[in-house]
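Encoded as structure tokens, the structure appears first; notes follow it.
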Amino acid sequence: MELFYYMVFGGLAAVVAALELSKSNKDRINTSSAFNSFKNNYLLVYSLMMAGDWLQGPYVYFLYKSYGYGKGEIGQLFIAGFGSSMLFGTIVGSLADKQGRKRACVTYCITYILSCITKHSPQYRVLMVGRILGGIATSLLFSAFESWLVAEHFKRGFEQQWLSVTFSKAIFLGNGLVAILSGLFGNLLVDTMNFGPVSPFDAAAVFLAIGMAVILSSWTENYGDTSENKDLLTQFKGAAIAIASDEKIALLGAIQSLFEGSMYTFVFLWTPALSPNDEDIPHGFIFATFMLASMLGSSIAARLLARNSVKVESYMQIVFVISSISLMLPTLTSFLVTPSNVKGGSISFSGCLQLLGFCTFEACVGIFWPSIMKMRSQYIPEEARSTIMNFFRIPLNIFVCIVLYNVNALPITIMFGMCSIFLFTASILQRRLSAIGEKPKTEEWTMLKEKNAEDEELNVA
């Protein structure tokens, strides 16, 4: 393995360690022992769930390729996953609100385990079923767990600001440390121990089963809107009305869709972007490096969220601009750096530049997750939280499906350019959200002043 990979990984590790060790009291939030116990239980479950997800991430494309499928066929399999998430996401989200978030989390475990089992078959139809199951599981992962956490947090009487602690720790561990260990463990299973590209999926199923056992033994059930007279269609309409009538929720949904759509497109594209001529790259190690960059971002987010003087709506504008520039690098390097036509070999110079840009983007992802969770906890009504969160995923899944469907028709540089534009658009929408987020306070202050003025006039009279 080249020295370059170790240098990038070591540099990021040093910065993350320095940030964590240099935390002061200003960067920490004082909490209770009861909250810490609750938080640690959730973090254990979340880490196991993310281990089950991250073990699969670096090897999905690689596994399909090892079965002899081309980029177009692999793109169709990915489309099936995102399409499944789009079609069934709102249904499972509404069921989670209605039937219980704990049940939805258990359903995630079962569905994803079944998806992992299908990876043993090279048959296209079986793999397609696995992708559909994986899409359903993804919808639950990114809605049910957060919905359960927020509802349980307030049910137990914990302070609003303490949610930021759980969010930032969850991303630091689940999307950072666990993802790194998963990448290295996957690399060990596939490359060192030669168990084959399906072995990470077997390991993922084991972690998911352990997490399900913890959920069943230690979690209590909570619900959204428990009205018996509300069917799924009524819940859909209620969620749609909430989004349409509240500009903040609509903006938040658009921002999330633009960022996550770009992120999932990046997940599909980073492998062919770094190895356009079939260069030999260590997938697991690069994935671990990306996750270390994500840890760096979540560490920065933890500091920002701990300070009341810093508003999440403000700093996220900068984050989206930086992420936009980062994903523009493949397009820029195609013009500024002479491409290599040599097949195989090690990563190219332009590949090295892109890898640094991708690490920067992953750092932005690390900041994005706890920050968007914080904003969702503020703006989305509790009774339809899972339903609305899965509504947000519909446009992002449509976007990703369109990109993947045209994966052979459009050059990679064009697709990265599109993602960059979407991320810059997200920064503009975030600016608008920041402006109207302060507006009610201004209006309340104006009304208060007018009322005081009227009271003074009455007193004078």
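Cβ atoms are placed via backbone N, Cα and C, with glycine included.
TrEMBL does not curate its annotations; it predicts them automatically.
As annotated in TrEMBL, transmembrane segment covers the listed stretch 318-336 rather than the other ranges in 242-260, 318-336. Record note: among 101-117, 390-406, 390-406 is the stretch given as transmembrane segment by TrEMBL. Away from its own ends, the transmembrane segment (285-306) comes close to residues 1, 5, 8-9, 12-13, 15-16, 19-20, 23, 26-29, 54, 57-58, 164-165, 167-169, 171-172, 175-177, 179-184, 186-187, 270, 274, 312, 315, 355, 358-360, 362-371, 374 of its chain (Cβ-Cβ under 8 Å, at least six residues beyond either end).
Across 43-62, 129-150, 201-219, 348-369, 390-406, stretch 348-369 shows the highest tally of CB pairs under 8 A with the transmembrane segment (6-22).
Listed as Cβ neighbours of the transmembrane segment (348-369) (distance under 8 Å, sequence separation of 6 or more from its ends, same chain) are residues 4, 8, 12, 167, 171-172, 175-176, 259, 263, 266, 270, 273-275, 277, 279, 281, 286, 289-291, 293-301, 304, 315-316, 319-320, 322-323, 326-327, 329-330, 333-334, 337, 339-340. Between the transmembrane segment (390-406) and the stretches 43-62, 74-96, 129-150, 170-189, 201-219, the greatest number of Cβ pairs separated by less than 8 Å involves 74-96.
Contact check: the transmembrane segment (201-219) against the transmembrane segment (74-96) gives fewer than three Cβ pairs closer than 8 Å, residues 6 or more apart, which falls short of the contact criterion. For the transmembrane segment (74-96), the partner stretch with the highest count of Cβ pairs under 8 angstroms, out of 43-62, 129-150, 170-189, is 129-150.
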